[in-house]
Amino acid sequence: MIEFDNLTYLHGKPQGTGLLKANPEDFVVVEDLGFEPDGEGEHILVRILKNGCNTRFVADALAKFLKIHTREVSFAGQKDKHAVTEQWLCARVPGKEMPDLSAFQLEGCQVLQYARHKRKLRLGALKGNAFTLVLREVSNRDDVEQRLIDICVKGVPNYFGAQRFGIGGSNLQGALRWAQTNTPVRDRNKRSFWLSAARSAFFNQIVAERLKKADVNQVVDGDALQLAGRGSWFVATTEELAELQRRVNDKELMITAALPGSGEWGTQREALAFEQAAVAEETELQTLLVREKVEAARRAMLLYPQQLSWNWWDDVTVEIRFWLPAGSFATSVVRELINTTGDYAHIAE
């Protein structure tokens, strides 16, 4: 399996270096649920600004404050401990009386808003995230500037970030040990992390191989194409290639890559043969995903950061703002800009 650091670049390997996250304020994430609280219901949505504490820790503290079980507090996604993040937590608190959440105190946290809501907030139930990043000690301003311009037009590979695989790739290593020994894994969290890492690594490898082609965004017979922003896909046929290519060029359609698992991958003919060849050597992990009944899925091959803008504070410091849909990684954008100094595998999705 290709290591994350060796995955193919869309815009070529960056010429310069830089520092990501010199301090937490250099990595700001604002969660976008895509909806507002209902104003009624047995749940309470709580918007929290936090710095220096992870999502699970805050959720447990909120449960203790409300005198409810930790399983009654949910969230749409994990946010990084080493960043300034704004996100929603959801607590199930039936009854007409509204707790005074302004009294909730936790170092590094501030309650910004809270309101009643009818439904539980489930993992993944968000529209996306807005990012404000500061890159420091940038060694090649001209190269970064040109890459930002190119990304506006061509996007970046929609790779799963290094953090998906754990510190030092520990989640992927765990999946491989599991596949090789066939020993039952009782810990549900480990099972989830390991299976997710395996499937994500397959996706990254397929995309990396596709990016080696001369025309990355060229539709081929049997490609699975996705309407931009949608989850469903359809298969390209030879007769439609010219029209489908026009729609891909207009960013109306996205070429997808496989998240292998049980069931059909979604591609056919030439595209399917390419994907199967890209991961043909990884038989043990493929067998594991099928055995554990992890359903195959699709994910867009490229990612187009929305509302992308930047401002150079000086010749070596740039602030970058953009919005990404849920499940995408800011570090996959940064990877196309600079060779980062330091390890960012701990950054949450």
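Placed from the backbone N, Cα and C atoms, the Cβ positions cover glycine too.
Copied over from Swiss-Prot, here are the features:
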type	residues	note
ACT_SITE	Asp80	active site, nucleophile
BINDING	Phe27, Asn129, Phe329	substrate binding site
DOMAIN	155-303	domain 'TRUD'
Rounded to an integer, what is the Cα-Cα distance in Å between Phe27 (substrate binding site) and the residue listed as 'active site, nucleophile'?
9
Could you tell me which three-state DSSP class Phe329 (substrate binding site) falls into?
coil
DSSP state at Asn129 (substrate binding site), helix/strand/coil:
strand
Residue counts for the domain 'TRUD' (155-303) under DSSP, helix then strand then coil, are 73 helix, 24 strand, 52 coil
How many other Cβ atoms are found within 10 Å of the Cβ atom of Asp80 (active site, nucleophile), counting all protein chains shown?
21
Residue pair Phe329 (substrate binding site), Asp80 (active site, nucleophile) - Cα distance, angstrom, rounded:
12
